[in-house]
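*Asks:* Pasting the feature list from TrEMBL:
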type	residues	note
DOMAIN	18-147	domain 'Anaphase-promoting complex subunit 5 N-terminal'
DOMAIN	222-321	domain 'Anaphase-promoting complex subunit 5'
DOMAIN	560-617	domain 'Anaphase-promoting complex subunit 5'
Amino acid sequence: MMTNGVVHANVFGIKDWVSPYKISVLALLYEMTSSKITLPERRRLNKLILPLQQGPDLTLGQFLKTVEECCPKTAYAVKLRSMADGELKDMEYFFSTLPTPFTAFDSEAYKTSVVGLFMRHMLLAYNKLSFSQVYKLYKSLQHYYHSHYDTVGDRADKEELDTPLHESELRRGPLSQKQAEYFLSRQAYLLKNDENKALRPAALQEELNNMLKFNPDFAEAHYLNYLNSMRVQDIFLSAHSLLHYFDRLILSSNEGKSNGDEGYGRSLRYAALNLASLHCRFGHYQQADLALQEAIRIAQESNDHVCLQHCLSWLYTLEHMKGSESTVLTQDSVKMAAHFCLPYLGSLDIQSLVQQGAMQGKAAHKLMDALKDTEILHWKHSLSELIEISLAQTTSIWRMYGKSTMALQQAQLLLNMSSLEPVNFGVHQNNTEAFAVALCHLAELHAEQGLYSATAEIFQHLKEQFPPHTQHSKLWMLCNLKIQFERHMNNRKYHLAEPLVKAMSALNKTEGLYRKAQVLKALNRSTEAYSILQQLQVHCEKTKCTEIIIRVMLSTAELHWESSSFSTALPLLLQALALARQHHLQSLASEGVLHLAFTQLMLGIPGQALTVLHEAMEPILAHGAVIDKGRAMLLAARCHMAVAGFRLKEQALAVDGLNEAESYFSRLSCKERLRDVHYLQAQLHRSLGQTAQSNKSAMNFRLLDQELQSPAPPVFMQL
């Protein structure tokens, strides 16, 4: 049988066969062993040999380009022309002159070396060919050579050279056993550590289909097919490939035992466990529960404590995803993992326990103490992946608690950390989910300080490292949409914010609903906004999403402001403030204090509003966003103006507050809010008899009002 110039016997019946590409590799190795090459070039070639031998066949143009990037002189010396333009006896002569692995003691072709083993395999495979197969191999070598150097071939090859090497791995013929194993291990590693460098989902699917066409019982190919289907959220193909993988695994020779740790029973219980995790990821909780119970039953029958521990971990995960209380299960899982000396599972259990504690409102120092214990496990067992997850989770916890400085420190620590794992396939361990989470937090922190150019650079990097077809791209897409939305809302450009709501809803329904309510409220469609907020609050109370519940309460209070029902808003604000403090959510607590102080100002008690506002001023100035700092200073200035009367000290404080608010809003280019500040400055300077300053502020107000060409909302009716 011959396909694409590859002469072979049964698929995977032999470990290797001869192809025109492998003759090119042999020519390179022959040149390497017979000629004098400088030491740096030899070192570079030694690194290149194994990928060339184990990787898929390349066109001659791609092969020469790869070698030329490493050693230009050696690439020029690789000669196939004498064989391709000669006769069949020239190819025979080439194989007869190859160094014999048993005699080449002083060269790279010695029998125990990588080069020697490869040459021996090729010689054995070549010697087993019949005359007709040798003739077909020779003709395919001629075609392989001339398709590169002919005029028509040059144009085609140029297109091939312009494509990335990992995209050029696609082929129509079968792979040898070593090539298939190398391809599968490489793609699986890249999917885990650097999905951007792996083949695209459609291209990988095509290659796997081609591989399974020649060998339908190749279990590892079915598993990689399962991983690839998970990337694109294809539930049908994922389940289909997963079941086929375990079917082939059970029937393979390695699964000959009827029961035990390495036999038939082990495959059955782990098949059920993997099926449960699959349904859990897709939100099919009933099917996941049934599969999990089946895995537990089989594991109990086999007395497999490790499998039972995995089942317990997925059981509390499933209960947590369903919205049920799972803390007790998680604590039991931590104890059992420690008992059976399973550090990886134990660490994941502690991470999950910390996450649950954060959602339940535990104090930050208790959570950090628990994470400190996991760090000892990570460094003791060199669990690099879990170190990354731990740092990403710590960053998220500090962000949730409103400590932006600590979140920034943890994010930078993760991004500058060197991996403990060996670097394979050119992966630098910076394209995992943990790094995507850290970069998203970093982008949000920069955007909050008005550094939008730096934010754009971060998102450009995220787009390059996590393209839209990768599974972690949704993280930065949603983050980018939220930043754009907040920026447009702060600038009161509601017509630009409204189209972003649909895109956010596609990525996260809860965030999309909340943003939709914000836009409707800004457009004075209060009834629709109120209806959505009530619907969202009911949903979040079921899912125990405290942050959104507090934000919904604050937005509902703002709806009451629009109808001048400030007293009606007070109970909602007090409830939201109590909930934020109970869960130690400092940023939301500060936001609640701002709303409460504004309500008190509107109710005619500015002195009490100032007292309340001073409580939130320090955390806002230390950790808050620039827009919040500006709003806080503007509100403080208005309170000072309200209580000032003829007291010069209060009037001076109001002037300072307005000037500081102006600097914050200028940093964000919030022209609508700057217009409000200039209006208040003009009034205040006029009351102080400062005519020049008053006229300057009035002129600034007039210029901005003409530029915006939109009616200014009543400055005293908004925060």
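A Cβ is built for glycine as well, from the same backbone N, Cα and C atoms used for every other residue.
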*Asks:* Under DSSP, the domain 'Anaphase-promoting complex subunit 5' (560-617) has how many residues in helix, strand and coil?
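*Replies:* Counting residues per DSSP class in the domain 'Anaphase-promoting complex subunit 5' (560-617), I get 49 helix, 0 strand, 9 coil.
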*Asks:* Mean pLDDT for the domain 'Anaphase-promoting complex subunit 5 N-terminal' (18-147), rounded to an integer?
*Replies:* 80
*Asks:* Would you list the DSSP helix, strand and coil counts for the residues of the domain 'Anaphase-promoting complex subunit 5' (222-321)?
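*Replies:* Across the domain 'Anaphase-promoting complex subunit 5' (222-321), DSSP assigns the residues as follows: 83 helix, 0 strand, 17 coil.
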